[in-house]
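Visitor: My questions will all concern the structure given below.
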Amino acid sequence: MRACLFSLVGLLSLIFTFLFRDRGPLRYRGNHDELKDQHLINLEQQLLEGRDRREKDPKMKLFHSPESFFTSNWTPGLWIVVSMGYLALVTFIVSLLHSNLPTPTPLNTSPNVQDDSQRFIAARAQADLNSLINMGPRPVGSNENEVLARDFILGEILKIQEKSNKALTISSDNQIVSGSFHIKQNSYGYSSFYHNVQNIVIRLSSRNQSNPAAVLVNCHYDTVPGSPGASDDAFHCAVMLELLRIFSLSSKPLLHDIIFLFNGAEESGLQASHGFVTKHEWAQNVKTFVNLEGCGAGGKEVLFQTGPNCPWLVETYANAVPHPYGSVMGEELFQSGVVPSDTDFRIFRDFGHIPGVDFANVDNGFVYHTKFDNGMLVPLGSYQHTGDNMLALVQALANSSSLENVDQSGVSMVYFDFFGLWFIHYSKTTGALVNTVMIILSLLTTFVLLQKMMKDAGLVPPEVVRLFLFGVLGIILGWILSVLYIYLLTTFLNWMRCTQTWYRSYFYQIYLYYCPTVLFCILVPFVIFNQRSKLSNMQQAQISSLGTQFIWTIVLLIGTIFGIRSSYLILILILSATIANAGLIFCRNYCGKLWVAVQLLHTAVPLMIGIYHTIMAMSVFVPITNRSGSVLNVELYIGILSAATCIMMISFLVPLSMFIRHVSVVVSIATVHILGLLIVLTVQPFPFYEWQSGESGVLQRVPIWHVQRTLYDKYGDTRLSDSGYWVINMDPSAPYTLKSAVLELNSAGNATEFCGSELFCALPLYSPRLTNFV
């Protein structure tokens with residue numbers, strides 16, 4: 001639907017561009033009436049001189065046109081249509097690339113059983129998933145988890161063993177383990193004690209294999225109460241069963257063993273993985289691991305954690321997988337604690353001291369840990385995407401010579417995929433060197449172009465510096481004002497209780513946050529480059545573009561100094577602009593057409609990458625806002641994120657607005673924003689809606705616990721004993737939406753009444769994360 005919409009907008013934009021383009025005579029619009037005649041005289045002289053030079057030098061026809069592109073009668077409305085068409089086309093292309101999934105291999109498509117056995121069959125993995133989720137929720141300790149799911153997995157493994165290649169050995173173990181550990185979390189941390197949790201462990205090795213080193217592949221089959229857990233994490237257990245089938249029938253010997261761990265207690269606090277890595281006899285042979293998780297349904301599995309300090313893992317992934325998808329930005333955000341989740345990756349890393357890679361499916365995070373996580377939103381293409389990648393990756397790791405002597409003394413890696421087509425990776429050290437070189441080249445090309453502009457405009461150096469600094473100031477001021485406005489707007493929306501409208505539809509982000517960001521980014525330079533400027537529109541646009549490049553260069557410098565690996569996004573912006581400016585430097589003369597063409601071309605790739613990463617970020621963070629507690633101002637959180645991504649995407653397009661210095665542009669953008677705001681304040685739909693056939697329900701999470709608490713004094717005597725229902729506010733709108741639906745809650749007590757005198761507000765918190773919801 002989204003792709004069709006963008007396609008339609010782009011097509012209509014192109015049609016309007018053709019129909020309403022102006023073929024009128026050449027006109028020049030001066031900045032002041034009193035200078036109009038002088039400007040016309042100067043323009044005529046420049047055209048005559050240009051014609052004479054073109055007649056003498058035929059090569060200059062490449063750079064000059066007898067009719068200036070920007071002095072023709074292009075209306076502001078037409079410019080808006082062209083801009084919208086350009087953005088719609090780019091967004092449409094990126095949406096296709098982001099949502100593209102491989103064609104699933106159906107069951108029994110080949111009459112040759114031997115050939116078919118070495119391909120990942122999505123339909124077979126889906127059948128295994130359906131068998132698991134049909135058991136219902138599988139919380140730790142339940143019959144569904146401890147008996148039914150365990151027996152199903154062991155039964156499938158027995159079938160695989162019976163049909164396996166006799167050159168391979170398949171060993172299995174049903175580990176029952178007890179233990180305890182302490183883990184740091186937020187500023188508190190917690191101690192976890194577990195008793196008789198289960199692991200199903202399978203070891204696949206070649207006969208006559210003397211090397212004990214092994215690769216671990218992990219999933220968990222338990223769920224939170226009330227959820228069938230299709231994506232978290234039965235999906236990956238089904239994928240692992242299919243991988244085991246494929247490897248068991250392979251005639252190719254394995255250089256190292258593969259251990260498949262189906263752990264039965266992850267949702268209870270990462271307990272089963274701790275039991276394996278600290279107490280199972282095979283754990284000491286594990287040299288690296290692949291952890292498979294889920295916080296959404298469908299889509300692609302994203303690589304979001306690696307290492308620590310093992311560049312060869314990233315290199316192996318880059319060289320092996322057919323459908324790369326991942327970013328170091330996810331790793332830095334996840335490890336910063338912004339994402340309120342944890343995975344078994346941490347247990348293997350911190351308690352087993354084993355390096356590895358961490359994957360998760362993040363699309364449709366609205367169904368995460370709900371009863372709607374039932375597999376309906378997982379297309380066969382997702383099975384195929386994950387299966388093809390894991391088959392190639394596990395095989396490459398099992399046959400890697402790096403497993404002989406795992407080195408964890410390497411440097412961190414910078415990595416990201418290029419629209420799922422290629423995987424780009426390099427070390428943090430190389431990244432710092434590349435960033436430094438690019439910073440120097442960027443500043444150099446900026447200086448040279450400013451010098452060239454100074455000569456063309458007949459300005460003295462102090463005046464050029466002043467105009468340049470004013471341009472930089474205007475750009476920064478536009479960014480600051482947009483963020484300040486969003487802060488005030490989100491404060492107003494919270495006061496009006498009109499929050500999280502974007503939870504239902506991402507288009508509300510465009511109306512509420514993207515439009516004012518664009519508005520301020522355009523409006524402030526209009527004021528800075530006032531009508532008394534001596535520069536032409538094109539020169540003002542060049543000043544603005546160079547100022548934007550200078551600002552991002554400083555941002556890249558700061559990111560490099562602080563070792564932020566995600567600054568590769570800024571590097572792409574600077575690289576593209578520097579290459580474009582270098583090309584302009586070698587053009588002896590160029591007209592507006594060439595400059596705009598170069599500007600549009602060099603912004604295309606950064607814009608596409610920006611949209612690509614924005615889709616990734618929003619698919620993760622928007623669902624998270626519904627389980628972040630009522631204390632966090634999620635409206636401001638999403639508003640700032642929207643402004644930041646918008647600024648990054650449009651910053652090099654804003655200079656083109658210098659050619660349409662007309663109030664209608666500002667009025668058009670402001671109108672869209674105001675109309676969107678009015679919809680939110682008046683007729684906006686409730687941000688949550690229930691499950692409908694064929695699509696995900698966007699639900700409000702309402703945990704209700706029936707608890708009993710008893711508090712004792714230092715002598716062991718009871719000083720307080722009560723019981724009741726504890727209703728947890730998972731999002732900012734929960735306190736008032738629930739009270740309007742359940743009237744009894746209006747007379748309920750406040751759970752924070754003991755926060756000033758009792759530990760954790762005297763509430764039965766089993767996890768420090770729950771303090772966010774008090």
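Backbone N, Cα and C define each Cβ position, glycine as well.
Pulled these features from TrEMBL for this protein:
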type     : residues : note
SIGNAL   : 1-19     : signal peptide
TRANSMEM : 77-97    : transmembrane segment
DOMAIN   : 199-394  : domain 'Peptidase M28'
TRANSMEM : 432-452  : transmembrane segment
TRANSMEM : 464-488  : transmembrane segment
DOMAIN   : 468-680  : domain 'Endoplasmic reticulum metallopeptidase 1/1-A TM'
TRANSMEM : 508-529  : transmembrane segment
TRANSMEM : 541-562  : transmembrane segment
TRANSMEM : 568-587  : transmembrane segment
TRANSMEM : 594-616  : transmembrane segment
TRANSMEM : 636-656  : transmembrane segment
TRANSMEM : 663-683  : transmembrane segment
DOMAIN   : 700-771  : domain 'Endoplasmic reticulum metallopeptidase 1-like C-terminal'
Visitor: With the transmembrane segment (464-488) as the reference, which stretch in 432-452, 568-587, 594-616, 636-656, 663-683 has the largest tally of C-beta pairs below 8 Å?
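Guide: Of the candidates 432-452, 568-587, 594-616, 636-656, 663-683, 636-656 scores highest.
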Visitor: Note the mean pLDDT of the domain 'Peptidase M28' (199-394), expressed as a whole number.
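Guide: A mean pLDDT of 93 is what the predicted model shows over the domain 'Peptidase M28' (199-394).
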Visitor: When you look at the transmembrane segment (508-529) alongside the transmembrane segment (568-587), do they share 3+ Cβ pairs under 8 Å, ignoring any pair fewer than 6 residues apart in sequence?
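Guide: Between the transmembrane segment (568-587) and the transmembrane segment (508-529), contact is absent.
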Visitor: Between the transmembrane segment (541-562) and the transmembrane segment (636-656), are there at least three Cβ pairs closer than 8 Å, leaving out pairs fewer than 6 positions apart?
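Guide: The answer is yes, given that the two segments have at least 3 Cβ pairs within the 8 Å cut-off.
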Visitor: Going by DSSP, how much of the domain 'Endoplasmic reticulum metallopeptidase 1-like C-terminal' (700-771) is helix, how much is strand and how much is coil, in residues?
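Guide: Looking at the domain 'Endoplasmic reticulum metallopeptidase 1-like C-terminal' (700-771) with DSSP, the answer is 21 helix, 19 strand, 32 coil.
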Visitor: Can you say which of 77-97, 432-452, 636-656 has the most Cβ pairs under 8 Å with the transmembrane segment (508-529)?
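Guide: If we count Cβ pairs closer than 8 Å to the transmembrane segment (508-529), 636-656 scores highest.
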